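Below is one structure, written out as C-alpha cells; the observations come after it.
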Ligand SMILES: Nc1nc2c(ncn2[C@@H]2O[C@H](COP(=O)(O)OP(=O)(O)OP(=O)(O)O)[C@@H](O)[C@H]2O)c(=O)[nH]1
Ligand SMILES: [Mg+2]
C-alpha cells in the first residue's frame with residue numbers, strides 16, 4: 001500500500017519550516033512512541049541539517065514499555081553523545097513522554113533545549129525551538145502542556161493544525177507549533193500500514209480493511225494475549241482474516257443474511273488499538289528484537 005496524501009497546507013508548512021530553520025537553536029521532533037521509525041519524516045532530518053534535535057517519543061502511555069526502552073537505547077546508539085566538552089552541533093537526544101499527562105515533559109524539555117542550544121553571547125538571548133513531526137503525533141498537545149494552558153487546537157485526527165503558532169514559555173523560551181508534515185509519496189509498505197493504523201493518515205485516504213488486516217496479523221504474532229483478553233477469545237484464530245471475522249461476529253457486526261460486516265469489524269479493531277483499549281502495544285521494534293513466529297502473516 002503506497003500512500004499519496006499530501007494536502008496543500010503541508011507544502012506551505014514545509015516551506016515555512018525551512019525558512020525559519022536558520023533562526024532556531026533546537027528542533028523538537030515529535031515521534032509516535034508506538035512506531036518511532038515509521039513516524040520519522042526524512043524531510044525533518046534534511047531540513048534540520050546540523051541543528052541539535054530532541055526526538056520525543058510521545059504517546060508512550062500507549063506503547064509497549066519494554067519496546068520503548070529498546071527504542072531509546074537504539075536511538076542513543078545511533079546518535080552517540082560527543083565525548084567530553086560542550087555538545088556539538090547536530091547532537092540528538094531521545095526521550096519518551098506522554099504529552100497529554102506529563103509534568104515530566106514540562107520539566108525535561110525546556111531543560112534539554114537549554115542544554116542542546118549553542119552558547120549565546122549577550123544578555124537577554126532566548127532559546128528558540130521548533131516543534132515538528134508527522135500529523136497527529138501530539139505536537140499541539142505538547143505545546144499546550146509546555147504552556148500550561150490551551151493555546152493550540154488538538155484533535156484525534158490528522159491535519160488539525162494548519163499553520164504555525166509561536167508562543168513564549170514562562171522561562172522566556174520561544175517555541176513554535178507547526179502543522180504535521182508527511183512526505184509526498186510514502187513507498188515503504190510496512191511504514192505506510194503503521195502510519196495508517198496509528199492515525200497519521202485520514203481513514204478516507206487508505207484502504208481501511210487492508211490496514212486492519214495488517215494490524216490483526218501483527219497483533220496475533222506479537223500480542224496474542226492482549227487480543228484474547230480484549231475479545232474474550234479462548235481459541236485465538238490463526239489468521240488475520242479469521243480474527244477480524246471473529247471480532248465482527250462477537251460484536252454483532254452482521255449484515256442481512258448473517259455475513260460479517262468486515263468494515264465495521266475492522267473499525268472496532270483499529271479504534272480499540274488507537275485508544276489503548278487492547279493494552280500497551282508497539283507497532284515496530286528496533287533491529288535486534290525478534291518477533292515471535294508461528295502464525296501466518298495473512299490469510
Ligand atoms: N494517549 C495519548 N494521547 C495523546 C498524547 N499526546 C497527544 N495525544 C492525543 O493525540 C491526538 C492528536 O494530538 P494533537 O496534539 O492534535 O496532534 P498534532 O501532532 O498537533 O496533530 P496535527 O496538528 O494534526 O499535526 C489528540 O487526540 C491528543 O489528545 C499522549 O501522550 N498520549
Ligand atoms: Mg497540531
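Any Cβ shown, glycine's included, is placed from N, Cα and C.
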In TrEMBL, GTP binding by 58, 59, 60, 61, 136, 137, 138, 139, 140, 141 extends, among 8, 172, 180, to 180
Let me know the DSSP-derived helix, strand or coil state of residue 136 (GTP binding site), please.
coil
With the Cβ atom as the reference point and anything under 6 Å counting, tell me which of the binding-site residues (60, 138, 140, 180) are near ligand 1.
138, 140, 180
Number of other Cβ atoms within 10 Å of the Cβ of residue 60 (GTP binding site) across all protein chains:
25
